[in-house]
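Note sheet for the following structure.
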Amino acid sequence: MSGVLVKALSPSPESRLGEAIDQFEGSLPEKHKSTFRTLRSQSLSTTPSPSDVMRLTAEVDDHTSKKFNSACFGPRFTNFLYGVQRFAALGDIVIGGSQNMVACGVWALVRMSLLSIVNLSTYIDKLSSLFMDVGRSAPRYQEIALLYPRSRKLRSYLNEYFIVVVGLCRYIFEFGQKSTVQQFVSSLSDAHLKTLQADLDKWASSIKEQMIVNEAQESDTGKVLDILFQGYSSDAKAYLIVDGLDECDEEEKETVVQALRKIQDKLKVLVCVSFRETNNGPKPVTNQLLATRNVPLPEDNPDIEAFIEAELERRLRQKRLTIGDPTLILNIQDALLRGSQGMFLWVTLQIQTLCTMKTDHAIRHALANLPKDLPETYTRILQRSGGGGSDLALQAKTLQLVLAARRPLTTEELREALSVIPGDATWDPSMVLNDVQSALACCGCLLAVDEEEFTVCFVHNSVKQYIVNGLYSVNNTGSSLKDAQRMLADVLVTYLNYGVFGTELSRARAHPILAQSAPSKIVQATMGSSSTAHQIAIKYLKTRRQPAVDMSRVIAEARSSLKFSTEHAFKFYAYAEKHWQDHVVYVSGQEAAIFKLTSKLVYRRASELNELDKSFWKRIQWAAENGNRNVVMLLIQAEKTDINATDKDGLTALMRAARDGYKDTVEVLLSLGNADVEARSNSKSTALMWAASNGHKEAVEVLLAVGKANVEAENNNRWTALMWAASNGHEETVEVLLRVGKAEVEARNNDGWTPLMWAASNGHEETVEVLLRVGEADVEAKDNGKSTALMWAASEGHRGTVEVLLRVGKADVEAKNNDGWTALMWAARDGHKKTVEVLLSLADVDAENNNRWTALMWAASKGHKDTVEVLLTVGKADVEAKNNEGWTALDLATRNKHEDTCELLQLYEMANRIPERQ
């Protein structure tokens with residue numbers, strides 16, 4: 001689904017739990033609202049304890065025994081209530097703030113709902129049994145208070161669990177408020193109760209698994225901390241500097257912060273953590289550590305001046321920076337200080353660039369045009385270093401391999417990988433780069449080589465982000481992370497198909513080779529590195545005038561210094577052997593040569609699948625997400641993966657392929673893999689919904705034709721595939737769903753919205769017209785608040801959509817919602833002048849809502865002068881009309897201090913009074 005829409009409709013579990021409680025409270029009659037608030041306040045002042053659980057079960061027993069004169073039902077609720085009590089206690093001990101209010105709200109509404117069950121004489125046994133079953137898996141762990149603040153997943157799962165609890169309680173409570181006759185007519189839905197119970201069981205299982213994982217992580221971290229504590233006495237003062245924490249993922253960050261807190265509790269340690277400025281900043285860290293203080297680095301960092309001076313002096317002494325005019329060094333110093341903005345890396349890169357310049361003129365020109373920030377710096381470095389032609393291609397390939405590698409590659413591994421031509425599986429030693437430094441030089445100073453490990457990495461993580469974010473391009477063609485992953489995958493698949501692995505001889509007899517007749521390829525094949533080649537080359541020079549010299553001894557001596565195994569002869573082999581499963585899912589599956597090599601690799605190494613990683617099913621998801629139809633097909637045929645396995649969001653491989661519109665991959669998953677087309681994600685979305693929401697018409701057609709997908713399936717909010725397509729304005733997908741899928745055009749979500757309302761609200765004219773003409777949508781359908789599609793389009797100012805609804809749908813322009821609002825009032829209130837003009841051709845300009853407000857009053861009260869003018873001049877609105885409080889449009893404009901609008905209304909009044917006096 002589109003990232004913006006998903007983000008907008010999918011707030012955090014904590015927020016959704018708060019919203020669920022607010023909705024529960026909002027649905028209560030006034031007398032019950034007062035009871036709920038009182039119970040919540042009591043819970044806030046005195047945290048619910050285990051004794052409160054016993055009192056509540058006793059209270060339930062007392063009510064049921066009096067009402068039904070039957071056996072005790074209270075104990076059936078005990079385990080469930082203990083889980084709720086633990087969560088409420090978390091709010092007081094761990095969470096605090098607004099989340100404490102939420103946790104206590106859960107306890108209050110659960111209490112109200114359970115006591116309401118006593119009114120359901122027919123259902124008391126069924127419901128108490130339901131809560132007893134749910135209670136068996138309810139989260140009642142003693143350690144939960146310890147682990148809750150440390151685990152993001154645990155927090156998320158707990159909140160998801162109690163969102164379902166709130167939904168269950170609301171359903172039961174609202175049913176309990178019905179009369180006996182209404183209860184008899186409607187009855188409790190067994191299917192709905194079973195769905196809720198299944199959801200509770202699922203989240204309870206996730207909580208249990210996360211508790212196990214967290215406890216295991218605690219043990220691992222604990223061992224490391226024990227070693228640290230043994231090395232320092234409790235009274236020893238220590239300093240701990242942590243850099244790069246903001247580059248870790250959330251799980252890693254939480255683990256480190258938890259360890260830091262434990263260290264603070266036991267040792268006298270001062271912790272310094274560096275952070276870049278982000279939306280959250282250091283808050284996730286500082287909130288968990290003791291006595292924290294934020295010290296922002298100023299742009300005029302006093303250390304930067306000393307750094308610039310020291311670096312320039314060092315480069316001058318090393319004679320790496322050469323200048324003709326000695327005073328030029330002062331100009332360099334001043335320019336760097338002005339442009340640095342406190343960034344040491346920026347300064348370092350500029351100095352390195354200046355060191356490459358050969359004249360004072362070139363240096364002065366560079367100082368006059370220094371890049372403003374790091375991205376611009378990186379662009380210039382790559383443009384200057386890449387040159388053109390083959391160098392530019394080598395630059396791109398080098399950056400991509402470094403970016404996509406699972407671990408930093410060594411210089412020799414990189415040299416070998418760069419020499420691979422994707423698709424050409426013929427090993428040719430003469431094609432191997434003689435020196436990897438030539439490739440590194442193409443990337444300027446953006447790559448660094450570790451002096452000890454000889455591994456290649458980016459000089460700074462911001463270079464990696466620069467490439468990942470698409471700022472880097474080759475020949476004006478974007479280069480992204482996927483491009484890099486595809487390049488390395490193609491290289492690796494080709495490399496492992498070379499016919500030389502496993503064919504080396506462990507022992508070799510040195511046959512005589514005369515210097516003049518030694519075939520170059522034979523010599524090359526014996527060489528393990530370029531340094532060895534250099535030694536042999538020198539020997540050749542010295543023996544050229546001695547043709548009878550036996551070169552076999554020279555070559556044998558060179559080889560004897562090498563352990564001539566596959567691992568040493570082919571430097572990239574160890575990496576390829578270990579990580580091929582990770583990379584194969586990204587290969588260019590559409591290219592025939594690559595597909596052929598991939599097929600050979602997968603079939604030849606099928607026995608290795610799942611051996612190294614029991615979560616191999618994730619790889620088929622990655623292949624599906626990349627639309628790699630052929631790789632998906634190979635992995636299915638290898639029969640080494642669960643095609644319907646889900647990720648943390650409940651997404652299957654089919655959902656990922658459908659979401660990104662890879663119809664061929666969707667077809668393979670359905671026809672060969674028998675993928676479950678009706679599988680649901682955590683939000684209860686199906687593959688059809690994902691495809692429809694992103695407008696992938698062809699994927700939708702495959703899901704309907706091959707998968708026989710249920711077009712009427714609903715997610716958590718009762719959204720259908722048609723609603724998603726209509727909401728995002730994918731008119732072609734909407735038409736397919738209507739014509740081929742026979743989708744219900746009048747389906748409604750939880751708020752009573754139809755697909756037409758969503759399309760109209762978002763201003764999708766073409767989609768609205770398709771829904772009206774093809775789907776024959778009811779243009780007068782009303783949502784839960786009695787608003788129509790026309791009202792929603794008008795309120796958002798979608799003039800073209802309003803015109804379509806009036807022209808094609810013949811929408812009733814005078815329809816009113818629960819508050820008596822018309823479409824004209826909505827448009828006027830929000831100052832949509834052009835929409836008002838369209839509506840005025842049919843609408844009653846002086847129509848009043850329930851409080852006798854007119855469109856003119858709304859426009860005036862908000863200060864929309866242009867709209868007021870249209871209502872007066874075109875609509876001839878009654879400027880003297882008064883609302884229930886006796887206020888006119890002028891009164892409202894005056895009250896809200898809209899001077900221009902007041903002046904316009906006064907002039908209009910005066911102009912209308914003159915003819916009356918005459």
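Placed from the backbone N, Cα and C atoms, the Cβ positions cover glycine too.
Residues or ranges marked as domain 'Nephrocystin 3-like N-terminal' in TrEMBL: 171-270. Annotation source TrEMBL lists domain 'GPI inositol-deacylase winged helix' at 397-469. The repeat 'ANK' annotation in TrEMBL covers 649-673, 751-775.
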Long-range Cβ neighbours of the repeat 'ANK' (649-673) (under 8 Å; 6 or more residues past either end): 1, 620-621, 623-625, 627-629, 632-633, 636-637, 643, 679-683, 685-688, 690-691, 693-696, 698-699, 701-703, 706-707
Tally of DSSP helical, extended and coil residues in the repeat 'ANK' (751-775): 16 helix, 0 strand, 9 coil
Beyond the flanks of the repeat 'ANK' (751-775) by at least 6 residues, Cβ under 8 Å: 720, 722-723, 725-731, 734-735, 738-739, 743, 745, 781-785, 787-790, 792-793, 795-796, 798, 800-801, 804-805, 808-809
Predicted model, mean pLDDT over the repeat 'ANK' (649-673): 86
Secondary structure tally of the repeat 'ANK' (649-673) (DSSP, helix then strand then coil): 16 helix, 0 strand, 9 coil
Residue distribution over DSSP helix, strand and coil in the domain 'Nephrocystin 3-like N-terminal' (171-270): 75 helix, 9 strand, 16 coil
